[in-house]
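Engineer: One structure follows; several queries about it will come next.
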Amino acid sequence: MRISIFGLGYVGAVCAGCLSARGHEVVGVDISSTKIDLINNGKSPIVEPGLEELLQKGISTGKLRGTTDFAEAIRATDLSMICVGTPSKKNGDLELDYIESVCREIGYVLRDKATRHTIVVRSTVLPGTVANVVIPILEDCSGKKAGVDFGVAVNPEFLRESTAIKDYDLPPMTVIGEFDKASGDVLQSLYEELDAPIIRKDIAVAEMIKYTCNVWHATKVTFANEIGNIAKAVGVDGREVMDVVCQDKALNLSQYYMRPGFAFGGSCLPKDVRALTYRAGSLDVEAPLLNSLMRSNTSQVQNAFDMVASYDARKVALLGLSFKAGTDDLRESPLVELAEMLIGKGFDLSIFDSNVEYARVHGANKDYIESKIPHVSSLLNSDFDQVINDSDVIILGNRDERFRALANKTPEGKRVIDLVGFMANATSEDGRAEGICW
């Protein structure tokens, strides 16, 4: 394929080297004549192991060349990759000047180009950037229509400096955000020889995936550091602790607990988070990330309440009261917290939980629920159909399988709030079911 790459920094230079090495005809484009001279002489503009050899091979075989002429590069290629920087502004927002400038240059050339051209955003941009910035500029400057006259896609990169060549050749996955199927097909053809799954999504999803991955990496580093700091303060080697923690691939390093949904609860997690952060504080160990966990958890309960309150309805069915399906443990259940908030604001609440029978609740479990909702026995109803029929809003609170059907076929005249992910799609067919994170 004939490819132009705009921006020859860490991402663009690596892409130029790797794509040309795989036989594609690559034109590297940059406003810096110094970078272009380096590329055309087989020299790398950045320090990256193995890159210079790839660039030399591309130049010697005629598969790679550099230019400062944007228009010539676009006319000579079928696909353009935008790899320019998106640095932070002082307020933390993204600086999109480079993206906007490149899009204008591409758009002006597309105005007179007869063949279909595909524009791929490789730069890291926030969700909505392509839809609200990139495409409008391209359409305005070209006078053409995205998805009809030219293609648009997002292709987030997962390259780490110092291992970028290996990361390109052996990616964990290839993510394609496509504006239209034809654009996705063109981009997929570049990566089919790589031994990695190709995942095609909407553009905004692909944009968000990149940020989620990077923020997750930052979170892991911060988490490990805070655990290490606390461990050291109590006389323990944090490396030894995390080495064992990372050996658990079933829970600790897995998809488990990595699904958006409702707050955590139960007799262990809240108690242990509070205990560890209290100990850290007593030892004057700063743990901002760990200290934020309970606040964030409470915020998610508030989000659920706000969803209920946004409807013009007062009769609410809460399906599930224990902190998870298959147990009667009510201690620190976020559903108890939600029920308490709803009652406090005057909602007419009815609760169904097949595992919670008030006459059989005892000990610490009974003490907890009575301290939170003293009249809980009058709210519990074992008649599932009656609870549903008497409500205006139905909250799916845990993963009891009998609740699933309500997420995908909302009873007539009612609203459903899904806290657990039963909805098959982000929006229900009738528009009357809504997920807390989707």
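Even glycines carry a Cβ here, placed using N, Cα and C.
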Engineer: Per Swiss-Prot, which one of R200, R314, R331 shares the NAD(+) site with Y10, V11, D30, K35, T86, T124, K271?
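Structural biologist: Of the residues offered, the record points to R331.
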Engineer: What does the structure give for the C-alpha distance between E161 (GDP-alpha-D-mannuronate binding site) and Y10 (NAD(+) binding site)? Integer Å is fine.
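Structural biologist: Computed Cα spacing between E161 (GDP-alpha-D-mannuronate binding site) and Y10 (NAD(+) binding site) is 8 Å.
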Engineer: Which one is it, among the recorded positions Y10, V11, D30, T124, C268, that lies nearest to N214 (GDP-alpha-D-mannuronate binding site) by Cα separation?
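Structural biologist: Spatially nearest to N214 (GDP-alpha-D-mannuronate binding site) by Cα position is T124.
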Engineer: To the nearest Å, how far is the Cα of D30 (NAD(+) binding site) from the Cα of C268 (active site)?
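Structural biologist: Pair distance, Cα basis, whole Å: 55 Å.
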Engineer: What's the CA to CA span in angstrom from K324 (GDP-alpha-D-mannuronate binding site) over to T124 (NAD(+) binding site)?
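Structural biologist: Counting only the Cα atoms, the answer is 37 Å.
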